[in-house]
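According to TrEMBL, the features are:
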- A:24-56: transmembrane segment (TRANSMEM)
- A:63-89: transmembrane segment (TRANSMEM)
- A:95-117: transmembrane segment (TRANSMEM)
- A:124-142: transmembrane segment (TRANSMEM)
- A:171-192: transmembrane segment (TRANSMEM)
- A:222-243: transmembrane segment (TRANSMEM)
- A:255-280: transmembrane segment (TRANSMEM)
- A:312-330: transmembrane segment (TRANSMEM)
Amino acid sequence: MRIGDAKQTYVADEAIWTTSTQKFWFSILLLGLLIFPLLANSYLLYLGCLVGIAVISTTGLNILTGFTGLISLGQAGFMGVGAYTVAWLSTNTGLPFPITLLLAGLMAAAVGFLVGLPSLRVKGLYLAIATLAASVFLHFIFAEWESVTGGMEGLSLEPAHLFGVTFRSDFAMYFLIVPLAVLAVLAARNLFRTRIGRAFIAIRDRDISAEILGIPLLRYKLMSFALSSFYAGVAGGLFAYFYRVVTPESFPLTMSIFYLAAVIVGGMGNLLGGILGAAFMTLVPEALKLLTAALTPFFPNAPVFMSPMLEIIFGALIVGFLIFEPHGLAEIWRRVRRFFHLWPFRS
Amino acid sequence: MNILEIDQLSLSFGGVKALEDVSLRVPKDTITTIIGPNGAGKTSLFNCISGFYKPQQGRITYQGKPLDGLRPPKRAGLGLARTFQNIALFRGMTVLDNIKLGAHVHMKTGLLGSLVYFGRARREEMAVREEVERRIIDFLEIDHIRRQPVANLPYGLQKRVELARALAMKPEVLMLDEPVAGMNREEKEDMARFILDIREEWGITILMVEHDMGMVMDISDHIAVLNFGKVIAEGDPGTVQKNPDVIKAYLGNSDIESLRRKLNPNREAA
Ligand SMILES: Nc1ncnc2c1ncn2[C@@H]1O[C@H](COP(=O)(O)OP(=O)(O)OP(=O)(O)O)[C@@H](O)[C@H]1O
Ligand SMILES: [Mg+2]
């Protein structure tokens, strides 16, 4: 049972963690993230990195779709822009990763800004189609602008480096990706307790009222597009450093759908939901693969039977979520927490 | 001095003439009320002033400058605030966040500051919080609900929160579209008191649309009567009440609702 504190000052009341219990759990989480790579085997490390990248990109898309109410199927395209920017810069300029990642984010933000331009006029499915078109167009550029992108062959790159330290192994990459993911989520958390974030939510909930309060819709929608794409660009840049090869097929259209699904499964407009959604979407397919492997000794033709089934099971899981928990994983998490808060008194 | 002047405004939707040659003066520091039967064009007039509807003819002058061509957010920035006939709050947000949104135009934090939430960005948020608490939440007596999502609140309180949000804009002119519709007597009296205080203590000019004749006659300084998109009478409450055209407008049409309102102004809302 946790007892609420009386809030002494507005500063304390407006803080992210208003109770010591919350601070405690956040410290535990950070500690866990720190210890994890020391205990994890290479496979788990690899998964940890993938989840980290997915968290950054999903948080970005959540800002746009979950909080500002603008559907986008361009996320993979924006990640591609970031990945190619990093690949090109590190090969041609040798700049260290803080700069290449920043530029990757900015480049993606600029592209996102342009893609967002129709958003004043079109909404919902039409916007989805417009961003889809942008995504196809970006894919075309990745494949055809050979002098820069290397065409279908793509680009390969050296590992990330800074001050002579290189990030070659998954272990090292983990310490690049996860802190950035934590920062990305914290920054988004800050955003939604200040003026700009509130304006995004206002636009999502009721754009007429937003205008009457002096919020110019186009400027804020473009800001949301740019910020969301910035996140995608950084995630894409990390993706490039992680795999050290970038091809047009690294960022297929299904990847955009993957991120949209992560936002929806996690819980739209909920940052924690975005994290859970990203983890769910990354880990469940892996878990299904492991399940297949575990079944093989008993049913020798399990792989033959299971591999086409994986996608179907995965899809069914997502649909099941949408039906039984439309508010996503975040809602399930909230119920679990509530149970423990009230625990000895009510269950 | 007139803070707002409307000159020969005409607005039609297809064949429907919502406003026809409407002229109206809103003297500074007054409570000016627009009355008229349902469908007379009152809300449409508000929408023209806010910038949502573009009148085909006429002009609106605010503080001596024409508003033509300005988008709604620009007009809000100039000091025009309003509430809506059917409450337009952000239902998922808390009362506090709704009110803070009202202060949006007076805040400066940019995107980067918002992400970092440090130094100036943080100080600005705190200053707004402090001001909202002191000047608005206390004044409107909504301390107890500040953390609640708006969607859970009873109708009367939602109207009050919408007023709070408009006040956070620190407007020069506050437009209220049916501020006491659907309220019980006690809530109406509170609202009337708030409106008078806002005019007195905050020095905000009020332009109001209201059907409750008891309240309108009590607190208005100046009344304009709209009927079928035209202004048929204008003046202080006493003059307007006696005007034969006004009585005819209310009695002469078959609009039962406004007739009942007219005959029994202090009726409690069902
Ligand atoms: N967006 C619109 N499209 C078409 N017709 C409209 C629109 N807005 C208003 N009208 C029409 O304009 C006329 C005036 O409507 P308005 O809402 O301004 O009346 P009102 O005086 O506010 O009435 P009430 O007392 O019922 O609120 C009505 O005939 C209405 O149908
Ligand atoms: Mg109306």
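Cβ atoms here come from the backbone N, Cα and C positions, even for glycine.
Any TrEMBL annotation is an automated prediction that lacks curation.
Between the transmembrane segment (A:222-243) and the transmembrane segment (A:171-192), the number of CB pairs under 8 angstroms, six or more residues apart, is three or more, so the stretches are in contact.
With a threshold of 8 Å between CB atoms, the same-chain residues lying at least 6 positions outside the transmembrane segment (A:124-142) that come near it are 70-74, 76-78, 80-81, 84, 111, 115, 118, 149, 247-248, 251-253, 256. Within the same chain, residues 70, 72, 74, 77-79, 81-83, 85-86, 89, 130-131, 134, 138, 160-163, 167, 176, 180, 221-222, 224-234, 236-238, 240-241 sit at least 6 positions outside the transmembrane segment (A:95-117) and bring their C-beta atoms closer than 8 Å to a C-beta of that stretch. Within its own chain, the transmembrane segment (A:171-192) has Cβ neighbours under 8 Å at 16, 30, 33, 36-37, 45, 48-49, 52-53, 55-56, 59-60, 62-63, 67, 97, 101, 159-160, 198, 200-201, 227, 231, 234, 238, 241-242, 271, 274-275, counting only residues six or more beyond its boundaries. Same-chain residues lying 6 or more positions outside the transmembrane segment (A:63-89) and placing a CB less than 8 Å from one of its CB atoms are 57, 95, 97, 99-101, 103-105, 107-108, 111-112, 115-116, 119, 123-125, 127-128, 131-132, 134-135, 137-139, 142, 148-149, 154-157, 188, 191-192, 197, 200-201, 203-205, 220-221, 224-225, 227-229, 231-237, 239-241, 246, 248, 250-260, 263, 267-270, 273-274.
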